[in-house]
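According to Swiss-Prot:
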CARBOHYD  ASN130  N-linked glycosylation site
CARBOHYD  ASN204  N-linked glycosylation site
TOPO_DOM  1-5  topological domain 'Cytoplasmic'
TOPO_DOM  27-351  topological domain 'Lumenal'
TRANSMEM  6-26  transmembrane segment
Amino acid sequence: MSQHLLLLILLSLLLLHKPISATTIIQKFKEAPQFYNSADCPLIDDSESDDDVVAKPIFCSRRAVHVAMTLDAAYIRGSVAAVLSVLQHSSCPENIVFHFVASASADASSLRATISSSFPYLDFTVYVFNVSSVSRLISSSIRSALDCPLNYARSYLADLLPPCVRRVVYLDSDLILVDDIAKLAATDLGRDSVLAAPEYCNANFTSYFTSTFWSNPTLSLTFADRKACYFNTGVMVIDLSRWREGAYTSRIEEWMAMQKRMRIYELGSLPPFLLVFAGLIKPVNHRWNQHGLGGDNFRGLCRDLHPGPVSLLHWSGKGKPWARLDAGRPCPLDALWAPYDLLQTPFALDS
């Protein structure tokens, strides 16, 4: 047996016995083109920063657009596409800073390397989210993907991001923008609103909570003094300063603890947000969250766009565009996501 063949056999045995972690990123992505500010973009300099701990002024700048997203191996392909879409449609892409949140159990260095290789010029930070504190509060929902502790990271942004970050746009990983995110970030929150998002008052709001909730005379009074409407938590503008002052993370956790004692809802991280904020948010034009393109939570069937203009397409629901494209069964609207997909195909890797 030749030495070369022996080495190949040994290598094969090593690969067979090496477990592949669920957090391992095996996909490779192309490098995105670099995008530059237009001439009228505001300058960000050292005077913009009021936090000596932060290395670059942009991470604390009020002139920057701060975007928060979660990162994990399962959705990294969607995250990369979302970032590309944000940058491509921005008038001031160099004034955008990304705040990524990854689970403590994830390979944060691998996630960081993936973003860096596709966007070497991007200003971003990866924050590690210790899920142990929230895991004890999570109750099972109608779809296992909704039970992932990282889905609850949006409730902890005020704790994870530096205190100097006062406002952030939170985005899910299964969406793309086709408009300038600065317009969304500039949403007027008024004198006291903590959160802004498109709300949908035609949706059957009662369906988001169980009969146990509505039949309880105390719990059912939760929305008595507000016009509560459904809103999707995948796209939100959040005033983190007001969030911190109002201790809203604790308020959400209180409802999650209640859910552990009596089942008052079925849909993961969404209902606690509705319980705390529904009827109190600043409404945003529906164009900023054309959601539901992933179908329902059970079958993920194809759906059409809602009537009206579109600034953001969101594949919330079970069906994800990258999975349907790979399976050769894409929905018509998945073709709008495909141009932002930076995944390197096996052919491209070999060439």
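Here the Cβ of each residue, glycine as well, is placed from N, Cα and C on the backbone.
Could you place these features in context, so I can see how deep they sit and what lies close by?
According to its DSSP assignment, ASN130 (N-linked glycosylation site) is coil.
In the three-state DSSP scheme, ASN204 (N-linked glycosylation site) falls into the coil class.
Across the topological domain 'Cytoplasmic' (1-5), mean pLDDT in this model comes to 53.
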Would you mind checking how many other C-beta atoms are within 10 angstroms of the C-beta on ASN204 (N-linked glycosylation site)?
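Excluding its own Cβ, ASN204 (N-linked glycosylation site) sees 7 Cβ atoms within 10 Å.
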